Amino acid sequence: MAEASRWHRGGAPKHSLHYSKEVEIRTTLQELALYFIFLINLCILTFGMVNPHMYYLNKVMSSLFLDTSVPGDERTNFKSIRSITDFWKFMEGPLLEGLYWDTWYTNKTLYDLKNTSRIYYENILLGVPRVRQLKVRNNTCKVYSSLQSLMNECYDRYTSKNEDLADFGLKVETEWKYATPDSTSPWHWGFVGVYRNGGFIFTLSKSKSETKNKFINLQLNSWITRGTRVIFIDFSLYNANVNLFCIIRLVAEFPATGGIITSWQFNSVKLLRYVSYYDYIIASCEITFCIFLIVFTTQEAQKVREFKSAYFKSVWNWLELLLLVLCFVTVSFNVYCNIQIFLLLGDLLKNTEKYSDFYFLAYWHTYYNNIIAVTIFFAWIKIFKFISFNKTMSQLSSTLSRCIKDIVGFAIMFFIIFFAYAQLGFLVFGSQVDDFSTFQNAIFAQFRIVLGDFNFAGIQQANRILGPIYFITFIFFVFFVLLNMFLAIINDTYSEVKADYSIGRRPDFELGKMIKKSYNNALEKLRLKKPEEGEDEKSAKSGDLVERARREGFDENEIQSAKQMKKWKERLEKKYYSAEIQDDYQPVTQQEFRDGTTTKYKMILLECLTK
């Protein structure tokens, strides 16, 4: 009858709740174990794609082409190019010497060259390098009428609409004739513009002397004009010792303001994926990853079908969906990259007398690495879904969940002041200080100021009045006031959560108890630990203690009061520790506290009864 009334009230009998809880805990443990296997497989997969030699290959190539000085001028290298004259000196000096290695350091001819260059004796130059220029037309901008007598030509910044498509100069070779861009080639995002493929292109020769004569001829015939906006130098290397391709791009941008801004890209990638035995282990991990992806997708589809709209009310379910989407994108990128490598790599390696455009393959391979890096990041974040079995980690999650509203309110106030200072710094110092040259740079510069990295001398030199005022007020309001308010919000919330946990107002760590119980059972079976007392033994021991209390002079009222306190304690434990109760954070009422007040002897008796 009691069980029927319990079902009538919408509850469940204790043994049913206990059984469902056991099933839920075991299911959670199985999910955790399965997910750890998936995470380990993903880590092996991602770390297997990264080779420590990638960094060293990029470093040695950048040192050769970026840091090598022009002969006779130790201050000029690719990084310090500021004029067209410096650019041609680099082309005829460090670039030419870095690309053509045909003799050993003893001036003996290198072995087995096969009409190729061996940079640093170990890196084969694939095909021939390519130099490409993009220009803009004249009169793409307007000169003010009063100044037209001084200047009647105007070359605007580079855009696809402003690009000059007409042949110029000698109009006899490819470097003087415009080549239409390939629709599949990626655009290049530079400092002052976004540049597409195509333009005025020429490739270098296999002979060092012919290439040098080519540079001299281009310089004499003014290949670089006022309309030039960017020059790309592209070439690719392969190191068989570490099975890595190094795709190099040196960029010289010619902004409309004059001068030259240099940038570079060194991408070391592993295009030949399956060569060694370790590579085949990575391939097996990729297959396992796909199997896990199918299993997880099926599980989430079943959950959506079962819970319907309620499924989307959980943050962890949204994280699960995001992780699945990233996994599918990763698999798609991997398949696309492997198909492109299979289709293009053979043709690129055959054409040794032409430019081998490995930049396309490196571009998509870099995006694949970025996607899988984001995927494994969120895969590790998902571990927080299973932290309820640990008290310390649960305190962290409880603290963040409690103070999220206060943090959102504080963030609104913080960013209002932060963006106000960013706009002030951009408008006042933008034309003088590099850190404030754009609004985006000003925002990052202020974050660096908060972390202690700032250039006060540059700010003060840009504006001697507003500079110090800006700096002092920003440090005071943002660093001393707002940042400490943020820390105070988290600190107060953590103190509240810790106080609640200390008096028993905490969630039930049933998963942790289950793990501990399984661990103890394993130790007992291995006879490494004595078995614990059963419930019957504890009851018998409690009855013996009652008889002992009577013999020692305690009257029946005191014994009944102690029993009442034991029931009160069990009720509180059920209220604050049990997963059956939805609200784990109900305050203790005054009546409950008064009911629990007792004498020192009653407390001693209670301890004896509850042991």
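Backbone N, Cα and C atoms are what each Cβ position is placed from, and that goes for glycine too.
Remember, TrEMBL labels are computer predictions, not curated facts.
Taken from TrEMBL, the feature disulfide bond applies to Cys141-Cys154. Sequence-distant contacts of Cys154 (disulfide bond), defined as residues of its own chain at least six apart whose C-beta falls under 8 angstroms from its C-beta, comprise Asn138, Asn139, Thr140, Cys141, Lys142, Val143.
Residues or ranges marked as domain 'Polycystin' by TrEMBL: 77-272. Mean model confidence of the domain 'Polycystin' (77-272) amounts to 88 (pLDDT, 0 to 100 scale).
Annotated domain 'Polycystin cation channel PKD1/PKD2' per TrEMBL: 273-497, in sequence order.
Taking Cβ pairs closer than 8 Å, the transmembrane segment (32-51) reaches residues 242, 244, 268, 270, 278-279, 281-282, 285-286, 288-289, 292, 296, 369, 372-373, 375-376, 379-380, 382-383, 386 in its own chain, all 6 or more past its ends. What TrEMBL records for 32-51 (among others) is transmembrane segment.
Positions annotated as transmembrane segment by TrEMBL: 277-297 (among others).
For 318-346 (among others), the entry in TrEMBL reads transmembrane segment. The list of residues near the transmembrane segment (318-346) in space but at least 6 beyond its ends in sequence, with Cβ under 8 angstroms from a Cβ of it, reads 271-273, 286, 289-290, 293, 296-297, 300, 312, 360-361, 364-365, 367-368, 371-372, 374-375, 378-379, 381-382, 385.
TrEMBL lists 366-387 (among others) with the feature transmembrane segment.
Sequence-distant neighbours of the transmembrane segment (407-429) (same chain, 6+ residues past either end, Cβ-Cβ under 8 Å): 435-436, 438-439, 441-443, 445-446, 458-459, 462-463, 466-467, 470, 474, 477-478, 482, 485-486, 489-490. Among the features that TrEMBL reports, transmembrane segment is placed at 407-429 (among others).
The annotation transmembrane segment is assigned in TrEMBL to 469-490 (among others). Below 8 angstroms of C-beta separation, residues 399, 403, 406-407, 410, 413-414, 417-418, 421, 424-425, 428, 446, 449-450, 454, 456, 459-460 of the same chain, each at least six residues beyond the ends of the transmembrane segment (469-490), sit close to that stretch.
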